[in-house]
Amino acid sequence: MSQPILVFDSGIGGLSVLAEIRKLLPHHDYCYLFDNARLPYGELEEQELISGCVALIDQVVERTHAAIVVVACNTASTVVLPALRATLSIPVVGVVPAIKPAAQLSKSKRIGLLATPGTVKRHYTYELISQFADDCHVELFGSSELVLMAEQKIATGQLDMVRLTQVLSPIVEADLDVLVLGCTHFPMLRDELQQVLGQGVTLLDSGEAIAKRVKTLLAETKSDEQVQEEDAHSNLLMQAFYTKAEISEGLATTLVDCGFSTLERITTINSNG
C-alpha cells in the first residue's frame with residue numbers, strides 16, 4: 001500500500017483541490033481530513049488556529065503514514081504552514097490565492113479577491129497584491145457566509161440564490177473582469193457565482209497549480225520503482241476523517257460519491273482548539 005496524500009481543510013472546500021490532484025495522480029491513495037467542528041476558520045484567532053491544526057494534522061499523519069500534506073484552506077495556509085513544517089518531516093503544500101495569474105489575465109486591471117475575513121485582513125495577502133498586482137486596482141471581499149452556503153449546498157443540495165445575489169452585490173458593483181476565489185470552498189459555488197456575476201467576470205482558483213506542485217514534490221521524493229508500483233495500484237484507499245460529532249447524510253453521500261470508503265470521526269488529544 002502506498003503512502004497516501006493527505007488533504008486538509010476546515011470543511012468540504014478541500015474536495016475541489018482533491019479533485020484537481022486526482023486528475024494528475026489517479027492511482028494514488030488519499031486521506032481527506034476536515035475540521036468541521038471549528039468551521040469557519042476565518043472567525044478563529046491565529047494561535048487557536050495554529051495549535052488546533054498542527055495537533056490534528058500531526059495526529060492523522062502519524063496514523064496514516066502520509067507522504068505529503070496539502071493544506072487546502074487559504075485561511076490556514078496564511079498562518080499555519082511555518083508551525084506545521086517545523087513539526088512534520090514530510091512535504092507540506094499550502095494554498096496561495098491566484099493574485100499573480102489574475103493580474104496577468106485582467107484586461108481592465110480591475111480584479112477582486114473573494115476570501116474569508118481572515119485571509120482578507122492578513123498582511124500576507126497585501127504582500128501578494130503588492131508583489132504581483134501593483135499595476136491593478138484590487139478590491140477585497142471577505143465572507144464567512146459563503147463558506148457556510150457551500151457547506152449547505154453539499155449537505156442539502158440547496159442554495160439560496162436570492163441571498164447569494166445579495167452577498168455578491170458589492171462585487172457586481174465593483175465592475176471587475178477577474179475574481180480570485182481565495183477560499184477552497186468557493187469553487188463549489190462556481191456555477192452559481194458565475195450566474196450572478198455574469199460571463200464578463202473570469203473566476204480563478206488555485207486548484208490546478210496545487211495539483212502540479214504536489215505531483216512535482218512526490219516525484220522528487222519517490223524512486224522510479226515506487227512510482228511504477230503506484231501506477232499499477234488498483235485497490236485505492238480513500239479515507240475521510242472529520243471532527244464534528246455528526247455529519248449530514250448529504251455530506252456523507254457526497255464523500256462516498258467521491259470514492260471514500262471509510263468515514264470516521266477523529267478528535268485531537270493535544271489541541272486547545
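Glycine too: its Cβ is placed from the backbone N, Cα and C atoms.
Fair warning: this is a prediction, and the values are worked out from it, not measured in the lab.
For H185 (substrate binding site), other Cβ atoms within 10 Å of its Cβ number 31. What Swiss-Prot lists as substrate binding site is D9, S10, Y41, G42, N74, T75, T184, H185, and the listing cites sequence analysis.
For C73 (active site, proton donor/acceptor), the same-chain residues that are 6 or more apart in sequence and have a Cβ closer than 8 Å to its Cβ are F8, D9, S10, G13, G14, Y41, V95, C183, T184. As annotated by Swiss-Prot, active site, proton donor/acceptor applies to C73 (among others), with the evidence given as sequence analysis.
What Swiss-Prot records for C183 (among others) is active site, proton donor/acceptor, and it gives sequence analysis as the kind of evidence. Look at C183 (active site, proton donor/acceptor): DSSP puts it in coil.
A coil conformation is recorded for C73 (active site, proton donor/acceptor) in the three-state DSSP classification, outside any helix or strand. Take the mean position of the Cβ atoms of D9, S10, Y41, G42, N74, T75, T184, H185, the recorded substrate site; other residues of that chain with a Cβ within 8 Å of it are G11, G13, P40, C73, A76, T116, T119, V147, C183. Within the same chain, residues at least six positions away from G42 (substrate binding site) with a Cβ under 8 Å of its Cβ are T75, A115, T116, P117, G118, T119, G142, S144, V147. Counting Cβ atoms from all protein chains shown, T184 (substrate binding site) has 32 others lying within 10 Å of its own Cβ. For the substrate site, whose annotated binding residues are D9, S10, Y41, G42, N74, T75, T184, H185, the maximal Cα to Cα separation is 12 Å.
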